[in-house]
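Please read the structure below before turning to the comments.
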Amino acid sequence: MSDPTYPLFPVVSFLGAVAAFIPLPWHLQAWNAGTCMYMLWAGLASFVQFVNALVWHGSLENRIPVWCDITTKFVIGAGVGIPAASLCINRRLYGIAAVRQTALDRHEKRREVYIDLAIGLGIPVLVMCLHTVVQGHRFNIVEDIGCVPAIYVTPLTFPLVFMWPVLLGVVSFIYAFMTLRAFWIRRVQFRALLASSPSLSLSRYFRLMLLSSLEMCLTVPLAAYSIYVNTHGVPVAPWISWADTHYDFWRVLQIPAVFWRADAQAVAAYEMGRWVYPCAAFLFFGLFGFAEEARRHYRAAFWCIVRPFGWTPEAPKVSLGSYSLPSSPSPRTPTPARDFLPSYARSTHDVVLQSSLTAAHKAAARDVEKGLETPTYLDATRSQTALGCIVAAHDPFHDCTHNYTHDATQGGVHGCIHDFVSGAHEPDVPSTPTTACSACFGSDVETDVGSAH
């Protein structure tokens, strides 16, 4: 009987294995053991199913006995490891939502990693060992499926093997409920708390919450259904002894496709048991493989690969910005205030203002060369009086405002008053012109330091 899922399933399994490992490097850097173990369990299990689907397509031959010995135990562990990793994620999310520290020191990080490893790795390894107690024979080979673990259904099978995915899913459900409740109660403090964590943003937090919630909603029903299909119609044999359970242990049961495909319950059990792993891998990649951090790593990897061939990324363009003055009366437009000033005063004012802006533009260029932040705008306003004019220029490069008073009767510029803005620290008023004045407006501008505001 032909396999209707071939070659679709091998392709999907291989892509799932690759997709699960793509976000692994930057999650390792964040010390997030829960997500790393989720990727490892889902990715490796998908790869195992990929190999099984290729090797045993249309075949019942026991070609690689050692492979089957290893992978059947691993599949038992993966069925528990993915829910256990989801529990680690939910536990971490609850610790954040309960407004605990997100930025941990090295000792606390190490302790959290040990706890996550005990849950996400220790419990699956324990279940692999416990499976040996109810392992009736070596393993099964199912045509078109591959190596399948052998489980002898006795009363001990339920607490030793079957119950763990359901139990972990229930505990994850409790943590998820507590997380949502804590988040709702402390939502005001939540953003400030996440700001203290360099490796966890609000977007990543909600993606982790969505992953754990979906995993929680799927784990319990699928685990319960798996128990049903694996025990329905199968008599529960009494536990007699170790020798009775492991009688003729080294035999390998081979099941042709024509037999198991004729049983709808067997089809559901085998197909669900292998499709769940690539689905889990794609679920994780769908949530984390297209985030901003992932795209940043993709760009870095791309340029790392093509750089030996002479391709390099374009250097970012640095713009000095522009300087704009509010609309002022045209020099040709007669106004009483301007006409009251003598011609030498008007020309002196224009020269001083032009010199100041030119010096500020040069200072901005120096700031860019030094690697400082790109300047934006210098807003200058001018107000005229009967005896002179006042020019107020905001300097975003040094975060201050300079006020210049031009005395029409004496010439020159007086009263360099520093008004520090944007919550910046207000320094003591110096007795000589400050560096900011000379850097922004040039040494050719005569300044007298006034009082600070």
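Including glycine, each Cβ sits where the backbone N, Cα and C put it.
Feature annotations, reproduced from TrEMBL:
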type: TRANSMEM; residues: 6-26; note: transmembrane segment
type: TRANSMEM; residues: 38-58; note: transmembrane segment
type: TRANSMEM; residues: 70-93; note: transmembrane segment
type: TRANSMEM; residues: 113-134; note: transmembrane segment
type: TRANSMEM; residues: 162-184; note: transmembrane segment
type: TRANSMEM; residues: 205-228; note: transmembrane segment
type: TRANSMEM; residues: 275-291; note: transmembrane segment
Sort out the residues at least 6 away from either end of the transmembrane segment (162-184), same chain, that have Cβ-Cβ distances under 8 Å to it, and list them. 79-80, 83-84, 86-87, 90-91, 93-94, 97-99, 123, 127, 190, 209, 212-213, 215-216, 219-220, 222-224, 226-227, 230-231
Are there at least 3 C-beta pairs under 8 angstroms linking the transmembrane segment (113-134) and the transmembrane segment (6-26), leaving out pairs fewer than 6 apart in sequence? no
Between the stretches 38-58, 70-93, 205-228, 275-291, which one has more Cβ pairs under 8 Å with the transmembrane segment (113-134) than any other? 70-93
